[in-house]
Amino acid sequence: MKVFLKYIIQIIAVTLVFAFGIQYFSDNGFKQLKNSRYNDWANILNGKINSEIIINGSSRGFVGYNPVIIGDKLNLSCFNLSFNAGSYNLQQSKFDIYLKNNKTPKVIIQNIDLAYFVKSTKLPDEEQFYPFIYNKSIDSLTTKFDNRFSLFRTIPLLKYNQKIKMLEEGVIANFSNPFEKNVKTIQGYCPQNRIFKVDYHNLSRFPNLTFKAENKHEILLLHDMINFYTWRLHKDAKIIFVWMPEYKLRLTKSFDLKRESIIDELNLIQKKDKNFLFIDMAYDEMSNHTQYYYDTFHLNEVGSNLFSEKVSMKINEFLN
Amino acid sequence: MFFNSIAFAIFLPIVFFLYWFVFNKTKSTQNALLIIASYYFYSCWDWRFLFLLVFSTFLDYYTGIQIEKGKSEKLRKFWFWLSILVNLGFLGIFKYYNFFAASFSELLNSVGLKTSPVLLNVILPVGISFYTFHGLSYVIDIYYKRIKAEYNFIDYSLFVSYFPLLVAGPIERATHLLPQVKVKREFNFEKAKEGIYQIIWGLVKKVVIADTCATYANAIFDHYTSMNSFSLILGAVYFAFQIYGDFSGYSDIALGVSKLFGLDLLRNFNYPYFSRDIAEFWRRWHISLSSWFRDYLYIPLGGSKGGLWMKIRNTFIIFVVSGFWHGANWTYIVWGFINAVYFLPLLLRNSNRNNMDVFQLKFDLDSVKILISISYTFFLTCIAWIFFRAKTITDAILYLKRIFTNKEFGFQYLDNERYNYELLLMIGLFVLVEWNSRAKIEPLSGKRSLLKLAFAIMAIMAFGTFSDYKEFIYFQF
């Protein structure tokens, strides 16, 4: 019996060595992969970003703000910290992780839209955390949303379960870049080289949100977010809220009604606080042209470049 | 409690520990523990069916003794038929009553007599087809004086309700298992090692092959009207591997688990998809059921000793009954019938026992012929599986018709894209591994077994299906 128990331990040990080995190889591949969200996370966690401007937002921020253009125009280092498909709560968590490891930025550009106010209850795009599950900050963020992440820490390869392609990509990433266009990132920004297609699911999604005319809850959230930044940034840091251009199909009466009081509130805050700026570009000229979008909600690469230039000019005026 | 569940992963080591360290004094303590464990295992599905299992066990135990003790042939016959009728009665009520009632009502409706069948609202007790057949074979063997009745109730109960085989076989014989439970088991390292190999390989078959194939097979069969020819062919192949991985995986785990307790169960699968004809396929697929029907139905009906017509009749009877055993649906009956039709040419040419030898492939014409025969047999099997898997016979026919009429052979997007192409590669690799190991019970033993085990476990962790958890197909039978 002793021999048998020894044999079982041997099986477990050999399996763990190989499984953790392969997992490490794949994780490491992702971490080293330049121009990827994994490498962005690695840089954030290793304190290698330290940008003067940080852009925050959800998927629209992720694909819409080109930090290279914005940084050049403002002559400041810039990084896009947006959380793809993540709402305000996830954006805050990501920013806290950033601050823990990097210098405090001088300027915050916070993208805002109606989707911003819908709290994330699930962890979107969870694969981006796989190579970092042993990092304490990532662990506390992921396990808060999904208990499986605790298992991922102890059982090797489980996080890659049914994700054979991802495991393969991670291993390949040690030797070459397996990613195609639309996945690569540049300083956290993910340009989308795509043509316009109407996203009916998104169009029907937001009008159904139960916004009330006075938007009390949303206004509270706005103040929460501003306070969140105020408490964390230096006194003279600039906080800029931007409403990106939305494709004209979205610009309906109901859209106006839903955002009216939010806009009023932002304008009011702007009047009171000299370090706060609100830029409303929802109705920008870009809204009329499909060549700038890949769906009604997201700018494509051409659109994001143009928008980044436009928004930079406005920010430049404010900063100087 | 499924073999591929966390609950079983906790249950098994506990029982193993208690069996070898606490209850290892005598064979009675070992058997008592295994019965308690088995009843607990069974009650995890539905404790109410435990009464049925205990009643069925007691009935066969008691009638077995009465048959042996019976002073007159009349009395022996009485106890024999009592056991047969009650056993089949349970099976009939729980498994077949609704089918017969609905079919009879449809028949009356078709001749203009409007009726609505009285259906029973009962759930099929898990494993009833398996433990009923255990009991039946035991009583039949006693009646024909092939074995002695078992007087120790604990030993007999273990034979019927031993948890590794309780819910999906293999269908054991008293001549094979009872002598093993009547002696105290000593721990055997080599046997336990074999058990581990079989458990791990069984899990690979179940969670990696069967469950992944199931995702696609289900998507294709459930939407076959919008699928092209290529997808439909893939659907049939995926189902062939799903049912093989599922059932043979279960059997492997059952055999492996049993070896950990020092008990050998009957081998149920012997690489059936490497069969050169359909007769060989049935000697390799669900061996314990095929041999059960051979011994307790085919041979009593006269077997192949009568004339040609008797052989044909008996062949059709056992295939159709075997199909019906799988479930109360016309699709299973047709599946059995199709297999009988496949078998017929072999029977007529008296070549059903041609491929009994072990073959080796070389670079010659004979080997090419063997490969063609294997492919052809697999093709025939896949056609039959379509009837087994389809919801109705009409669906199966339309599925087949669409394969030949659609004539489009592009890859289609399926519900779940995760293994669109990789799955085919995975099946290819699986076939290759099994092909190279076909002389052994499982592929993990032999040289570098530790390494092979590690890779198999890694395959389970990385490719296994855990999220959309699927139960074993044969539990419903």
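Note that Cβ sites are derived from N, Cα and C of the backbone, with glycine treated the same way.
Remember, TrEMBL labels are computer predictions, not curated facts.
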Listed range which TrEMBL flags as transmembrane segment, given the options B:32-52, B:368-388
B:368-388
What parts of the chain pack near the transmembrane segment (B:449-467), using Cβ distances under 8 Å and only residues at least 6 beyond its ends?
196-197, 200-201, 203-204, 207-208, 211-212, 214-215, 426, 443
Contact call for the transmembrane segment (B:118-140) against the transmembrane segment (B:368-388), three or more Cβ pairs under 8 Å:
no
With a Cβ cut-off under 8 Å, give me the same-chain residues at least six positions beyond the ends of the transmembrane segment (B:368-388) that come close to it.
236-237, 239-240, 243, 273-278, 280-281, 326, 331-332, 334-335, 338-339, 342, 355, 359, 361, 396, 399-400
In the same chain, which residue numbers or ranges, 6 or more beyond the ends of the transmembrane segment (B:78-98), come under 8 angstroms Cβ to Cβ?
52, 56, 59-60, 63-64, 66-67, 70, 117, 119-120, 122, 124-125, 128-129, 132, 135-136, 139-140, 143, 324, 327-328
